[in-house]
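Visitor: Have a look at the structure that comes next, please.
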Ligand SMILES: C[S@@+](CC[C@H](N)C(=O)[O-])C[C@H]1O[C@@H](n2cnc3c(N)ncnc32)[C@H](O)[C@@H]1O
């Protein structure tokens, strides 16, 4: 395979002083009032290092980024720092990273004092990141497909070992720049894990991020996944990340979303989450249909109309008109909780 030279890549790459739409908060914050220039220069140097480190790591193995694995590498350390800050990572935290790539985000996590479990599907990238952190016992790399691995079991055993050492159980966090094509899988798998994770911070496609964090009722974007996200977490859109910050450049912008996971006691009260989500999915199956029709195989339409009226909705309501709380009440009336 031909090698990927820095020179050959140069025309496709943004300049190291990446075109940020977000303010360089960290650079400004770290500048000292007495000598702001030196600190800012230091930060710029760090950014350049990260930019070159990413390219050097790819080049060293003659690797071309693989589209099928969503390999768009982060070139801007400030954004990695924003991800880590959004999760409030601090000394002693255990962090799950999905898709470490060359390890640029991993490095920021380790610098923040975290122990990292990194799951990487691409064996070449897993080797690169393993090699990069070989000198520390703070990073464990598993070469696996995240969508197929038993993450709850892996994390529980790590957390159990640690809570033996420390007296108090501390939740782990997730911080990751994930491939866009597994976003829904990742969200569905992680958000119900409030027993082991407190924060899930993801770099997602901007459109997905907006849809998950700020869904508008009565819009075509409003779907069962929005009910799911609100059931298990409090999501927050943090910042937009323009496409120029990645190599290779994707066709779309990205954004950071922080999901604060709820504990089981804080989930909306439903008799069975299985029947709740099956009702929600059924309601959206044929979105244009009125609920009294789409939910008919759960109970007669007259009962659905009566339940809707009790929740404060007309008999002709459609699923996109109901928020999470409304679906919960409707479910509990239909299933007589
Ligand atoms: C968008 S890149 C991010 C790389 C790195 N974190 C960064 O910020 O530069 C996504 C990474 O996820 C890896 N990946 C793709 N699909 C995966 C999967 N199903 N499970 C685990 N890792 C995966 C890719 O090989 C790639 O390294």
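For all residues, glycine too, the Cβ spot is worked out from N, Cα and C.
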Visitor: Which one of 59, 177, 181 goes with 72, 74, 99, 120, 145 at the S-adenosyl-L-methionine site, as TrEMBL has it?
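Guide: TrEMBL lists 72, 74, 99, 120, 145 binding S-adenosyl-L-methionine, and from 59, 177, 181 it also lists 177.
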Visitor: Pick from 31-50, 151-170: which stretch is listed in TrEMBL under region 'Disordered'?
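Guide: It is 31-50 that TrEMBL describes as region 'Disordered'.
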Visitor: How far apart, in angstrom, are the most distant Cα atoms among the S-adenosyl-L-methionine-binding residues 72, 74, 99, 120, 145, 177?
Guide: 20
Visitor: What is the one among the binding-site residues 120, 145 whose Cβ has the most other Cβ atoms less than or equal to 10 Å away?
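Guide: Compared across 120, 145, the most Cβ atoms within 10 Å surround 120.
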Visitor: Tell me, by DSSP, whether residue 145 (S-adenosyl-L-methionine binding site) is helix, strand or coil?
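Guide: Reduced to three states, the DSSP call for residue 145 (S-adenosyl-L-methionine binding site) is coil.
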